[in-house]
Ligand SMILES: Nc1ncnc2c1ncn2[C@@H]1O[C@H](COP(=O)(O)OP(=O)(O)OP(=O)(O)O)[C@@H](O)[C@H]1O
Ligand SMILES: [Mg+2]
């Protein structure tokens, strides 16, 4: 749903020469290219597609020069598959033949930057590759933008500017759906006011409430909005890898550091880094992060020298960080550094007035994405969606609507398309079975679970009562009694 293409961390080699991969089955051609290119570039070679894939899996290749005529896969076909797995390197074809119609179509699909015909002029070839790498750099400078490398540099710069404007528009605070009376309105107002200033922001809220969405809006509406917005999920990696991702590393700094790596702090220079799941980090890592924030400089693992960085930090967590501080799981000094401006996004169940608007927006987006002419929700479907308590928040609502649209056979989203587990736990016309889990009696909870299990089994067996009864060890009569009790019926 997010219109922005998420930033993919670049494994950028710090070694001075850009890496060119030559794919050619003829040793002589490989050697000729190596001779011409090795002054300016680090040249790696492969004799076929599978060797080339091995190189691409282990090296940070900047550009690929591929022969069109190879035994097995043709060059263009191969580059098409490369584009899917490794979209970053600039792709170029060398061929002794002029391009035929089908090759031209393939060139577009493979996003090939240049079709070089044999015999090539050494100086021309070096110049072409250098130009291609300049484009690659420009493209990486605006890390959030995915741009077509076939453009000339001037056109590319204009495209970067246009892309930045459209990113700013796509991430405007207006795009965060909420009702005027929602508690979210105040949060968005505060976020809009702090965006302009270089203050660290800590966003808290349950999973799926829109923390990253808000962080992006703050970045793209700040003076840093035309610089990179870089995301790191701090909960997903062990300390050493997290440090090398964030601060960079020198080749050999630890087992597995096969190459020099520029850290995300450096890649985000001038922009914003979003440190998601900050509450999951270890005390040892917290000390290191604190030092970086205090001193404004990073030291890549294994490096002797530090580097200055100018990065705004927005952190997020679904934990209550004050509690973590009290329990000494999170450093107090780091907490105050990160939470200069705290923002809390309430869960969806505390702002039910947003559900209708969100459902409509998500339906519009899904309809467009799936290309299905689904018009609207039926009243009873909407009533159920509005009365459910959405423990997975907006993301769960989004998943539910995508599921409904995918299954829809008419232009209306009817009640029967709502997942049985949601139908079972919601009471149309009122709030969900219970407002909060604490206040639900054991009986309520057992019944909700029973209804959910029934609903799931019914969906799995497409409402074949005999099979469901069989699976759950019930008689058909017993099963029917339970369906009546929970109001589970196949509508439509
Ligand atoms: N108010 C909103 N308006 C429109 N879309 C929203 C809103 N809130 C959340 N979303 C959408 O819901 C999805 C989840 O949001 P997001 O990833 O920002 O949540 P999160 O709090 O970062 O979740 P997690 O803690 O699981 O990482 C995204 O696709 C986001 O665009
Ligand atoms: Mg998130």
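Each residue's number is its place along the chain shown, starting with 1.
Backbone N, Cα and C define each Cβ position, glycine as well.
The domain 'Response regulatory' annotation in TrEMBL covers 19-133. Feature annotation from TrEMBL assigns domain 'Sigma-54 factor interaction' to 177-406. Feature annotation from TrEMBL assigns 4-aspartylphosphate to 67.
Mean per-residue pLDDT, taken over the domain 'Sigma-54 factor interaction' (177-406), amounts to 93. All protein chains shown were included, and the count of other CB atoms within 10 Å of the CB of residue 67 (4-aspartylphosphate) stands at 22.
Residue 67 (4-aspartylphosphate) falls within a strand when secondary structure is assigned with DSSP.
Per-class residue totals from DSSP over the domain 'Response regulatory' (19-133), listed helix then strand then coil: 54 helix, 25 strand, 36 coil.
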